[in-house]
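Worksheet: the structure to be examined is printed underneath.
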2 protein chains.
Amino acid sequence: MRTEYCGQLNLSHVGQQVTLCGWVNRRRDLGSLIFIDMRDREGIVQVFFDPDRQEAFNLASELRNEFCIQITGTVRARDEKNKNSDMPTGEIEVFATDLVIINRSEPLPLDSNHENSEEARLKYRYLDLRRPDMANRLKARAKITSFVRRFMDDNGFLDIETPMLTKATPEGARDYLVPSRVHKGKFYALPQSPQLFKQLLMMSGFDRYYQIVKCFRDEDLRADRQPEFTQIDVETSFMTAPQVREKMERLVRELWLDVKGVELGDFPQMTFAEAMRRYGSDKPDLRNPMELVDVADLLKEVEFKVFSGPANDAKGRVAALRVPGGATLSRKQIDEYGKFIEIYGAKGLAYIKVNERANGLEGIQSPVAKFLTAEIVEAILARTGAADGDMIFFGADNAAVVSDALGALRLKLGRDLNITEEGRWAPLWVIDFPMFEDNGEGGLTAMHHPFTAPKDMTPEELKNLPETAIANAYDMVINGYEVGGGSVRIHNSQMQQTVFSILGINEQEQREKFGFLLDALKYGTPPHAGLAFGLDRLVMLLTGTDNIRDVIAFPKTTAAACLMTEAPSFANPAGLAELGIQVVKKEKPASEEMPEND
Amino acid sequence: MRTEYCGQLNLSHVGQQVTLCGWVNRRRDLGSLIFIDMRDREGIVQVFFDPDRQEAFNLASELRNEFCIQITGTVRARDEKNKNSDMPTGEIEVFATDLVIINRSEPLPLDSNHENSEEARLKYRYLDLRRPDMANRLKARAKITSFVRRFMDDNGFLDIETPMLTKATPEGARDYLVPSRVHKGKFYALPQSPQLFKQLLMMSGFDRYYQIVKCFRDEDLRADRQPEFTQIDVETSFMTAPQVREKMERLVRELWLDVKGVELGDFPQMTFAEAMRRYGSDKPDLRNPMELVDVADLLKEVEFKVFSGPANDAKGRVAALRVPGGATLSRKQIDEYGKFIEIYGAKGLAYIKVNERANGLEGIQSPVAKFLTAEIVEAILARTGAADGDMIFFGADNAAVVSDALGALRLKLGRDLNITEEGRWAPLWVIDFPMFEDNGEGGLTAMHHPFTAPKDMTPEELKNLPETAIANAYDMVINGYEVGGGSVRIHNSQMQQTVFSILGINEQEQREKFGFLLDALKYGTPPHAGLAFGLDRLVMLLTGTDNIRDVIAFPKTTAAACLMTEAPSFANPAGLAELGIQVVKKEKPASEEMPEND
């Protein structure tokens, strides 16, 4: 029905007869001529109708925005004065000799020129996706997945599908359950990741696996989370952690080169401990040059308990953050930053403002300076490298609170004061994570997942010193976002049982939940390691949006609803009876009333 | 950790030092030498240990089947007399100088040399997948999906993901439901297909879409069905049905050429009516040359009511199936075929056996001949082309029963008597399906789905004559299997509402279930058409298996259970309470007891 796409016409087509299919993007009626901007997937071209071709001209007068049409006409070069350099097709136009109105359109409920509420955009998603910036993101996503697949195929990875109807796993976040009709009273779980299946594929000998696969988490959603998300899931046998990282880094470097034309270079590596110390985060944004500096050793003896308490506590931390040019911050702004860090559990924000200094501490402005000696202040200034016009913020509390609060403050100040170099790319690997972290109930929880191998430890050593064990795990971080994470896996039954025990899973539970894994580990399991990328996150970075819904064709709201189809909905009670379940509690969510539609 | 794959070594590697990782496939201890067949993803190579390299030799004596090992050694050409032409690596062997036992193995619960029960194979799936014939199927599947993706990418189709957590649809088979935690008492449905989402993407202007996507059906499973299956899902705008078929046919032709080296040629087209008439099936296996022949006109006047009843009934059918060489069938065999067609509702199997004919009807053997005149018998023989040694079977009943029964009998006889040419490929398109079929309750149901457009009819015409309406739908059939099906979709709101009305969906229901679709159709919807292939079925055909579980890494049983992970399982009652549901009925399935594991 078409010979060309609108958006692909150029001077090489001049003189040719073309047939185009698409939509009226805009219409201008100049009386003697009718102009329309005609849009299709590839872009927009100007089409005009002349009264000499009366039938087409008359029909064109009926055109309105978003009518679906087919035109046949001749491509002409525009006069020099009518060329439009803002349009890729701006050097030509099409003189339409025939017009077919394929389908008319009512006026759109979305305004194409103004901002629409996200609610309206989600309700009329099929119209919102007509906007070129939205369509281009999904086109970029398709290009990215295609690039990734070709890379993986060309590197000997096999695309193998794993099940969606799986057994519930005890991983942190919650499973979506699916009632079984055949086995009434029993449930499948939608996978949070294909973790165990991909490990089993290594045990089968497939050697290199990948899959671009939907995963699910029924958790409280944040702005950048969706109940279903897509992973680029990878697993390898007989490869070391550095080899896995090298290959995955090459994938990402080639992807950035292909999509953005940017050479990312070698990714630096940083241990978890160093990242927390210097950036207060395990996913540091290295575009921001500010760093946390530990000063506890300088403050052990001061009378100011807010500093000396944590400075003398093995689990405490006292750190300073120098803000270049931060002396311009007003009292009000400082108070706001103080409020901001309360989100992270910090109790207050001590600071030293370094105005123009004359003699000694003259020019130093600080509510805490009075508790400190001049030597200590000078030592802090020296260690942080503070110059005139800078600000130093302090965090003093238990280590986690200080890292979280100053880490978040660092990011916020980086944005607010334009210190972060937004225009560049800063990738890195964070490695050497702890195996376990406190679960807040006196026990331990796996920092990565329970199938991650420790670095250089026997099961006995791990059992004796779980708190200090380092996992052979790694995260890929770009511009402060964790885009991927993985680890070397346990390939030994005794080690796997030791980790389960440390996590408080007793032997009976181990058999019930992971019997098949423990069995499988007995039959010559190869050493294996892998990684998973968050595809949505990669596409967000590559298309320059921080709204995850912009890179998903039909996303859910933060209340996990689809405003277009009105899912979820009430089920037929007879259908539920067949599943052997019934609804015992209906709640209307406060945030989002939905019509009872079934 | 390796320099080469075992299975890729050949004479070009002779003299090279290589490092291999893999499994002990078999071990032979000749006292003075130890030989092992070492296996990895790419194949098997012979490795030997010599007492001269004492450390490796001693360690090798500990090797047992399925130990995971790493060896380093030198590739050597085998003596002429030791060459093994059955093995791709049979011209060489590796003299191992170093051996690392990476992981030991207990004796396998599956016997690698003998047939295991499918139950055992599914329970130890990770071991069953080590068998080269199983592994090769999954490798072929990865190759096939990769080929399909490249074809679609190269033809301008965009890979766009659609949601897994969707709204329940009223399509024939049942939805898997997923309870919502945020919206207690409401449910998502897992998609039976992305049908409406792909249509909405066309309304958004994406023009060409594809996705290789999991779909779900909670129905009684047959041997060749799985609760989750994979579709190659395709949709296009501004393309006619013949254009869609041409492109999809080209994909399949190129796929067959790539995977099998076979040129399928142009696919013939056949209407649904012709397929039912000649083959009693809408997915005829054209490798089988037998055809049904209508003979009702010859039998209207006979006194034998079994024939004359259906012959004079507008909804009846009387057809004959000539079986070349079928005169050799014994009475017992004929009785068995009679039983076989009872499955399809037939009440008996009349026949005429054509032995060597002398004069007139001499040599004709038939329990029904006595009800027929000689002229009628001769006319039947002439019309069916029966020769000496043939058998003619009859079906006489309502048309559906005759077509089903003789259609199934035709397939069975084709296999039993080696009439079907198993070695060749017989693709075709079946087109011009009826829009609707009787739903058995006095109403109509959509033969394809309710979004399929009729051929050349206005909404008014359709409303008046729904029973005779022809759908613009098409199925691709290969060797008697429906590998894909699709249609031109309705792109007009009034037509869509007309179809819903004919299906007995009243206006309120239309709004509740499909309001978003009816809305979307108002805004300049383009003409669009598409198709979906069953990927599992394509892989089955291309890898020569008729067991769908052979082409899926981790399949379910026909009772929709995973014998390896023991899914589905009982859920935590507290978790169910959070979802606002409770179990009211637990049933132990009779066919398959599963341990209560949660």
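Cβ coordinates come from backbone N, Cα and C, glycine included.
The structure displayed is predicted, hence computed values, not measured ones.
Database features, via TrEMBL:
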BINDING   B:Glu171, B:Arg217, B:His448, B:Arg489  L-aspartate binding site
BINDING   B:Arg217, B:Asp218, B:Glu219, B:Gln226, B:Glu482, B:Gly534, B:Leu535, B:Asp536, B:Arg537  ATP binding site
DOMAIN    B:141-555  domain 'Aminoacyl-transfer RNA synthetases class-II family profile'
REGION    B:195-198  region 'Aspartate'
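Maximum intra-site Cα distance, ATP binding residues B:Arg217, B:Asp218, B:Glu219, B:Gln226, B:Glu482, B:Gly534, B:Leu535, B:Asp536, B:Arg537: 20 Å.
Counting every protein chain shown, the number of other Cβ atoms lying within 10 Å of the Cβ of B:Arg489 (L-aspartate binding site) is 26.
In space, B:Arg217 is the closest of the binding-site residues B:Arg217, B:His448, B:Arg489 to B:Arg537 (ATP binding site), judged by Cα positions. In this view, B:Arg537 (ATP binding site) is surrounded by 19 other Cβ atoms within 10 Å of its Cβ, with every protein chain counted. Broken down with DSSP, the region 'Aspartate' (B:195-198) shows 4 helix, 0 strand, 0 coil. On a Cα basis, B:Arg217 (L-aspartate binding site) lies 17 Å away from B:Glu482 (ATP binding site). Averaged over the region 'Aspartate' (B:195-198), the predicted model reaches a pLDDT of 96. In this structure, the C-alpha atom of B:Arg217 (L-aspartate binding site) lies 15 angstrom from that of B:Leu535 (ATP binding site). Counting only the Cα atoms, the space from B:Arg489 (L-aspartate binding site) to B:Glu219 (ATP binding site) is about 26 angstrom. Within the same chain, residues at least six positions away from B:His448 (L-aspartate binding site) with a Cβ under 8 Å of its Cβ are B:Phe433, B:Ala471, B:Ala473, B:Gly485, B:Ser487.
Cβ crowding, taken as the number of other Cβ atoms within 10 Å, peaks at B:Leu535 among the binding-site residues B:Arg217, B:Glu219, B:Glu482, B:Leu535. Under the DSSP three-state reduction, B:Arg489 (L-aspartate binding site) is assigned to strand.
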